[in-house]
Amino acid sequence: MVKETPLHSSSSTSLSSLFRPTKLKNLSAKIFNGGGNQSYSKTDDVSRSSSRSSKKNTDSDQEDQIKYNKPNDRRSTIGKSPQGNGALSKESHVVASSTLTGISPTSAKKAPIDYSPSRPLPNNHNPVRTGHTVPHLPHSIHNPINYIHQGSKDAFHHPHPVRSTAHSNISTVSSAKSDTPSSNLSYQAHMHPVEILQKQIEDKHFMDSQASTPGSVELQHNSSSGSDDTSSRKKKSLRLTRFFKKIHNDYHDNHHHHHHHNRGSTPTKPKLNLNTNENIVESNGKALYETDNPVELLEKYGIPGRKLGEGASGSVSVVERTDGKLFACKMFRKPHLNNEGTNQSQLANYSKKVTTEFCIGSTLHHENIVETLDMLTEGDTYLLVMEYAPYDFFNLVMSNLMTQDEVNCYFKQLCHGVNYLHSMGLAHRDLKLDNCVVTKDGILKLIDFGSAVVFQYPYEDTIVKSHGIVGSDPYLAPELLKQTSYDPRVADVWSIAIIFYCMVLKRFPWKAPKKSFNSFRLFTEEPEDEDDIVRGPNKILRLLPRHSRTIIGRMLALEPKQRVLMNDVVKDDWLVSVPSCEVDPTSGDLVEKPKNHKHHLVTEEELNELTKQHGNKDSN
């Protein structure tokens, strides 16, 4: 296990203090103030992909015990629906530099976009539907990298003529050369934008810490070896099951799903204790957190509302600002410390995981991916603030109200969201029903990037393999259980096909992709002839709509090298012909509402009522 310099945060601070010597307010890490004279620069190298530094899983006799990197964590990153329908501010976003001072979203202006890419990645000519653009990051003496995303064109731009000579899996900050880690360093010329922001945060943590030990401090990048062990799930059937702890008494118990709020009363200011693992819940259902200084969170985002759900790494609540706008706020759970000797290492890994998730989320801007807006810190506790969408996709599937046209619309949106993600050199690795939410306009959004990894770097053709079993059993690609390394792109493709199967049939095809399960074993066997529906792919495909079978069959190819990639999935003739809902990337308004379907949006309480009514009919 590599080491990381421990964090020594003040008791009440916001992550923007990473870039500001004065009292911390918050990190609006992505807002660029084009009207000011502020100098912006990316700072240092970052950790390479987790798939390069992760410990390989060599325990072949433990194949049947499936490990999770984030077990049961459906809502551990973003609103365990209901999420919210507050429109995002449409200011441009960039990654903050170490010289960034406080910039509010309301005062931000759009920055110019560089349209002169020298060489795109091979997979950047995909038909990507974008919701936002990431403006040009100005050059500086510390910033040889220029990152842009411009629609379906070039996700990465690298004008610097010098290729990086250091191609390490783990970033190294030398404290022997200088008192500060960023004063005399060579910067990687081929880093992913996610890693650039990650390194800025790490450098500030390094400087804020009082550690003066000479030598190098090595940082592990997003371990994917499944350290959060959970025993294999044993289900009685293939019925769809959540993989997180759902808070059944959700936000809608006290709020109408059209969000008509009572403005007449002033809510009591809650006490926030962000350094405790347990939340205090009063009789009114509000989830309260105690802290000595809750003003920052309350002033910017409002009072935390009812807890929506929780997973292995934290819990998510909805917050309502004074103007009525809603946000999803995730509080990451501080790890239990075993002993004094391991405290620093555990805290370092914890902060690394949280900031990595923030860095990935804040890099992505697309209509089918939830927006990551801000990160706040209180001591050793982190709060991640995200766009809020009101409807839980798992609930929508389980409502049994979806028409096939509605299913196809959601599937197309999901494919475009993942295609965009892959075009940015990132793989999700935990795609499932639980990690999708839906807006009031029927726009599906991907959430939870805690397991995401970089598989391709700017200006490079190499695909970086991933390691470790990450995800939930039924959605896993079979190679994860057999190989020590795998291509995370095609693992995502497999998971999307399983999601489509679940949407259509309301059940899983198998408990896990292992031949010890009869359903999967029959799927892998050679059919006796082309009409054999017991063995081979037809066992699954015959149950799906006819026009979808060709592309789903290619997505479920057992051999990873034969599996179709997302840029080809979105070009499939059937998928292209599917009418789907789209929003305007500037205004956020719905620009296309297909006439062949409408979206049946139900809340948790409405689903419970439908289930109760269905149960009464069955009993009669």
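A Cβ is built for glycine as well, from the same backbone N, Cα and C atoms used for every other residue.
The model shown is predicted, which means the values in this text are computed figures rather than measured ones.
Considering Ser60, Ser232, Ser265, the record held by Swiss-Prot lists Ser60, annotated as phosphoserine. Looking up Lys334, Lys593 in Swiss-Prot, the residue bearing an annotation of ubiquitin cross-link is Lys334. Looking up Thr58, Thr230 in Swiss-Prot for phosphothreonine, the annotated residue turns out to be Thr58. Counting only the Cα atoms, the space from Glu310 (ATP binding site) to Asp430 (active site, proton acceptor) is about 16 angstrom. Of all the recorded positions listed (Glu310, Asp430), Glu310 has the fewest other CB atoms within 10 A of its CB. In this structure, Gly314 (ATP binding site) is part of a beta strand by DSSP. Across the structure, Leu308 (ATP binding site) and Asp430 (active site, proton acceptor) place their CA atoms 20 angstrom apart. In the structure as shown, the Cβ atom of Gly314 (ATP binding site) sits within 10 Å of 22 other Cβ atoms. Comparing Val316 (ATP binding site) with Asp430 (active site, proton acceptor), their Cα atoms are 18 Å apart once rounded.
A simple way to gauge crowding: the CB of Leu308 (ATP binding site) has 28 other CB atoms within 10 angstroms, across all the protein chains here. In three-state terms derived from DSSP, Leu308 (ATP binding site) belongs to an extended strand segment.
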